[in-house]
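Here is what TrEMBL records for this protein:
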- Gly69, Arg74, Leu119, Gln120, Gln135: S-adenosyl-L-methionine binding site (BINDING)
- 247-260: compositional bias 'Basic and acidic residues' (COMPBIAS)
- 232-260: region 'Disordered' (REGION)
Amino acid sequence: MTTELFQKPDEKFYTDAANYWSEIPATVDGMLGGFGFISQTDIKDSKLLLKQLFNCKNPPGRDHALDCGAGIGRISKFLLTDVFDKVDLVEQNPTFLEQAKRYMGAKLSRIGDFYTEGLQRFRPESKKYDVVWIQWVVGHLTDNDLIDFLVSCQDGLKPNGVIVVKENITSTDEVEMDRQDSSVTRPMRLLRQIFDKANLECYRQAKQRNFPKGLYSVYMFVLKPKKVNDVVEESTNESEIPPAEENGNKEGHDQNEETR
Ligand SMILES: C[S@@+](CC[C@H](N)C(=O)[O-])C[C@H]1O[C@@H](n2cnc3c(N)ncnc32)[C@H](O)[C@@H]1O
């Protein structure tokens, strides 16, 4: 008799993922499934997104960010510590967080707390963060756990704070299951429904550019708590978001293409 029989389906989904990641090297290549070479391209568009966000009306502060499913801290090192005074990391794999302490080098002084916890259990401290960055990890949460986590992240936000989700999206309208790493890739429609159920408004949506062909499309979503009596804010209009060219970004056109 296997232990599987004693586990609820959700628990197995999480333990299978934890087992998968426990075999993966604590390197950038490991974090990106052998595609370590896309890291710079990824960071470049994320930087542009943050730059545009800080140019908007009522931008978030630059005090404290949270890197969720942080792995060895690739995003904290190359993106978040350049922008925020302090960055906390939450990650389920303790080996990755130990490696993050070495990998961060001089940037370690900008790191605040390390939380070794699955996002299905982790709950951020109230009103602590200007930006909660959640990249390439939401596929490891069930729909309900993702909704609960996103709801809890709103409580973790300071005034004007935002949640950024950067994630693979299926080209079909179907959820695609990866049994090897125990994750799902969701279609855009489902992810937007989940944001809505979590009471989040998608303030901005941008597509990652210049990734190799054959990979999933990757989108960045800037999410804000819906307001009470919400008249959905017309905040994605182009006047608030400078065109990419003004930011010295002439390579592609996708990043500014998407608005609500
Ligand atoms: C594809 S890697 C991405 C790492 C990092 N976000 C990056 O982009 O470099 C996925 C990460 O999510 C972590 N992870 C998987 N399931 C998780 C969970 N339930 N809660 C928190 N982290 C999880 C893995 O251990 C791994 O570090």
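Just so you know, glycine gets a Cβ as well, placed from its N, Cα and C.
Known features from TrEMBL, placed on the structure.
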residue: Gly69; record: S-adenosyl-L-methionine binding site; DSSP class: coil
residue: Arg74; record: S-adenosyl-L-methionine binding site; DSSP class: helix
residue: Leu119; record: S-adenosyl-L-methionine binding site; DSSP class: coil
residue: Gln135; record: S-adenosyl-L-methionine binding site; DSSP class: strand
Residue among binding-site residues Gly69, Arg74, Leu119, Gln120, Gln135 with least C-beta crowding, 10 angstrom cut-off: Gln120
Recorded S-adenosyl-L-methionine site residues Gly69, Arg74, Leu119, Gln120, Gln135, farthest C-alpha pair in Å: 22
